[in-house]
Amino acid sequence: MRILIKNIDEIHSSGTKVRQEQFILIEDNKIKRIDKMTKIDEISDYDRIIDADGMIALPGFINTHTHAAMTLMRAYADDMPLDQWLQNKIWPFESKIKPDDIYWGTALAVVEMIKTGTTTFSDMYFAVDKIAEIVDQSGMRAVLSEGLIEANDGQEGLKKSLNYALKYNNSAEGRIKTMMAPHAPYTCGRDYLLQIKELARENNLGLHIHLSESKNEVNNFLQQYQKSPIKYLADLDFFDDNHILAAHCVHLEAGDLEILKEKNVHVAHNPMSNAKLANGIAPVREYLKNEINVALGTDGVSSNNSLAMLKEAKMASYLQKIKYQDPTAVDTKSMLKILTVNGAEALGIKKLGLLEENQLADLLLIDTKKDSFFYPHHNNLSNLFYAADSRSIDTVIIDGKVIMESSELKRLDQEKIFYEAEKRALKIAANFN
Ligand SMILES: CSC[C@H]1O[C@@H](n2cnc3c(O)ncnc32)[C@H](O)[C@@H]1O
Ligand SMILES: [Zn+2]
């Protein structure tokens, strides 16, 4: 299958200059050629053509940390601190969730993610088989991990999570990858963490974990072990041998930054969730300055309350400006990088996150003529990150397939998904009324 996208106003990709008046030729799941419109006559053989006049193209957004099915808990538990939110509201709700509910909750998330320009997401949740099913059907790219909480999951859960990781790695024509996921150092004991780490090493799988999210977590570790959670994991050699994706990393003690750098830990920054749960603002500017790879995530919908990466990016950028009283702390170019190529690196996916020849064809076409946000057209990247919202996203292509066109989903029955997710969420919540 060859798709020719012509008349693209501008192509934005990290590390390259803005390219104007270009075409992109997609062949199967890769970008075959990007060139000037003056060369388009050289392309004769294609199956379909998309006219992108008035549009800009950029790589699809990569959400590196979420719990997709938590859409079922949107607006169910707002305005609470992390520990009370988890213990009193979220975990009781989750104890009633069935695998089919997770399928529909994830489907609702997938609708929202595609419409808001996410082409790849990294998930930590239960019932990975159900999540893999909807990812496969939807055409999205994902990194899936069955989250492990020792007291709930124990050895049985560990076995199940490894089986899922092995079964679904490279499934859905290669769009699904897997990791193992100890939930956090405060919900998994030392030996359990080491067991998971060893299984991941033996099977060449990455590790996805929540880390240093709240001041409370860090204080508890300081009190109990006289060291921060980051130092605690480093002393267990947890960071050695595996690719590490650490969500949050909001609170650093002396020496933690150096550990993250030395161990090549990839940070999934979740500014909206950190703000909503009042956990704080991660030192992203320091991560960038120290060349620690930092990418963006939304966390679950229950602590956000949406999965829109443009909102997340604006929040990330503005919070860093406030934190450091430095308007240059995270600018639009850094934001593009954080949303795309840094995300691919954080998830360990090669040939993803750039609009370049021979890269995976995951891209967005943004309509800059439809909404007020792009007028005047001084700087389209600024208009996109600082002014626009997801309504300007016209086309989403993932793995060379058109998944959304003219803002219409091509593969999913949105009405059915809304209906099922609503019905199931209300039924579970009724247990607690
Ligand atoms: C074991 S699957 C994932 C597990 O994580 C919970 N969760 C969602 N958001 C957060 C967060 O911000 N910090 C810690 N844990 C979180 C989710 O409810 C699942 O139980
Ligand atoms: Zn999380």
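Using N, Cα and C of the backbone, Cβ positions are placed for all residues, glycine too.
Note: TrEMBL annotation is automatic and uncurated.
Listed in TrEMBL for this protein:
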type	residues	note
BINDING	His65, His67, His210, Asp299	Zn(2+) binding site
BINDING	Glu94, His183, Glu213, Asp299	substrate binding site
DOMAIN	56-402	domain 'Amidohydrolase-related'
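Structure with TrEMBL features highlighted.
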residue	record	contacts (Cβ under 8 Å, 6+ apart)
His65	Zn(2+) binding site	Ser122, Met124, His208, Leu245, Ala247, Ala268, Asn270, Gly297, Thr298, Asp299
His67	Zn(2+) binding site	Asp123, Met124, Tyr125, Gly147, Asp299, Gly300
Glu94	substrate binding site	Phe126
His183	substrate binding site	Met124, Gly147, Leu148, Ile149, Ile209, His210
Glu213	substrate binding site	Leu82, Ala184, Ala247, His248, Val250, His251, Asn274, Asn279
According to DSSP, folded down to helix, strand and coil, what is Glu94 (substrate binding site)?
helix
When the Cβ positions of the binding-site residues Glu94, His183, Glu213, Asp299 are compared with the atoms of ligand 2, which fall under 6 Å?
Asp299
Among His65, His67, His183, His210, please name the binding-site residues whose Cβ is nearer than 6 Å to ligand 1.
His67, His183, His210
Taking the centroid of the Cβ atoms of His65, His67, His210, Asp299 (Zn(2+) site), which other same-chain residues have Cβ within 8 Å of it?
Thr66, Met124, Ala247, His248, Ala268, Asn270, Ser273, Gly297, Gly300
Assuming the binding residues for substrate are exactly those in the record, Glu94, His183, Glu213, Asp299, what is the maximum CA-CA distance in angstrom, rounded?
21
Roughly where does the domain 'Amidohydrolase-related' (56-402) sit in mean pLDDT, to the nearest integer?
98
What is the Cβ neighbour count of His210 (Zn(2+) binding site) at a 10 Å cut-off, with all protein chains included?
26
Where does His210 (Zn(2+) binding site) sit by DSSP, helix, strand or coil?
strand
